[in-house]
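Data block below; observations after.
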Amino acid sequence: MAARSRRAVWHPCTQMKHHERVPLLPIARARGAWLYDADGRRYLDGISSWWVNLFGHAHPAINAALAAQLDTLEHAMLAGCTHAPAVELAERLAARTDGTLGHAFFASDGASAVEIALKMSFHFWRNSGRSGKREFACVRHGYHGETLGALSVTDVPLFRDAYGPLLRQAHCVASPDARLALPGESAGDVAARALADVAALFESRGDAIAAMVVEPLVQCAAGMAMHDPAYLRGLRALCDRHGVHLIADEIAVGFGRTGTFFAHEQAGIRPDFLCLSKGITGGYLPLSVVLSRDAIHQAFYDDDVARGFLHSHSYTGNPLACRAALATLDLFDSQDALAANQRRFDALAQALAGLAAHPRVAHLRRRGAILAFDAMIDPAAGGDFARRYARHALDAGALLRPIGRTVYLMPPYILDDEEIALLAAATVQALERTLDAPAVHRPTGTRA
Ligand SMILES: *Cc1c(COP(=O)(O)O)cnc(C)c1O
């Protein structure tokens, strides 16, 4: 299977040649927090299958909702037609923002949602007679997806550099990452410094900037970089003062990942655009959505076709995906999932607390259901560390994929005490094995 996959499939985010040495993991089935390989070995899904799974694999309630939807309506186009799953989902997501954000514009994955928010913001200003507002601001080390527009506001050199000539230049402001605190500084101090950078940018370019895009509370792809909620409050105020839209990219951090349903709630603010995907369907099907304020929708509402938002994707608002999302919202409503998660992730943090004293561990940190720490190794060896750590974690029974030297846990919201203990033990065991056996580096081309 792995050999056929290497021939037939071009795997994402992968240097395919690495799979000459590192085997692909063939997954045959999954249930709850566990992935099972072709030989029946099981691995605890410590990263929620790339941050999408919320309530476990093959959840009976989501399965049943999907089966019923499959017998009713598998798909119908959302231009000119409408259907109950899309309408109900739009209404229930809007209610989750107390009605501040609505007018759900659906797409199929996260990067498309970011594209939509960027285009909508620019088009809003154009429709409002401010077509000079055509620039975007983003945060150092931020990640918003891989399509050209989303990559333009992404600051991860590994993903971006090869395509530099194709990208529109965006303004990249200082990171509020709490790890940047100087001795004696708090996370709030770092946030204040980062806000000063935004203020300076808006003073000089505010008239030309349409929107600022931010990942609230945790820049996940940056290596689980966490910041103080005060940063978001400050951004909201600066955006208001200078007439810049605030786009919250909660594609990774929405749906309870940071402890609240939406991450921006912890700052007591609302953005102008909210991008959601990943956990939205409980990890079942590709779906994304952009919610926006009434005033934005109003600027497009006109007899003139060209003033409308004419963007579309073929599978926009797919009923199966929307139904999976509704079943996922039902699980949040019926189980008080956020309160249960608080206890669950307290226990996981407790099980890992010993790492704080580990001589080769720095910045043990947590926000809600996301835990992370940095291995004290040469950052340049981060990629190699990550691959070897992932192998050792599999040997210990867990699927984990460090980002460079940052090890993180972002498991589904269903772990029981035994699974918590196993995940914590696997995390520590993989760390010890990876640090104990540093990679042997030889100049290429020589033979021992
Ligand atoms: C994953 C991610 C995206 C891109 O979503 P895709 O579905 O992979 O296109 C955008 N923004 C953030 C913050 C993400 O974590």
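Note that Cβ sites are derived from N, Cα and C of the backbone, with glycine treated the same way.
Note: TrEMBL annotation is automatic and uncurated.
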In TrEMBL, the pyridoxal 5'-phosphate site includes Gly110, Ala111, His313, Ser314. Which of Asp45, Asp177, Asp249, Asp384 does it also list there?
Asp249
Of Lys17, Lys278, the one that TrEMBL places in the same substrate site as Trp50, Tyr143, Ser312, Arg401 is Lys278
Where's the emptiest Cβ shell within 10 Å among the binding-site residues Ser312, Ser314?
Ser314
CA pair Tyr143 (substrate binding site) / Asp249 (pyridoxal 5'-phosphate binding site), Å rounded to integer, equals 9
I'd like the Cβ neighbour count for Asp249 (pyridoxal 5'-phosphate binding site), meaning other Cβ atoms within 10 Å of its Cβ, all protein chains included.
32
Pick from Trp50, Tyr143: which of these binding-site residues has the biggest number of other Cβ atoms within 10 Å of its Cβ?
Tyr143
Which has the fewest other Cβ atoms within 10 Å: Gly110, Ala111, Lys278, the binding-site residues listed?
Ala111
Look up Asp249 (pyridoxal 5'-phosphate binding site) in the DSSP assignment and report helix, strand or coil.
strand
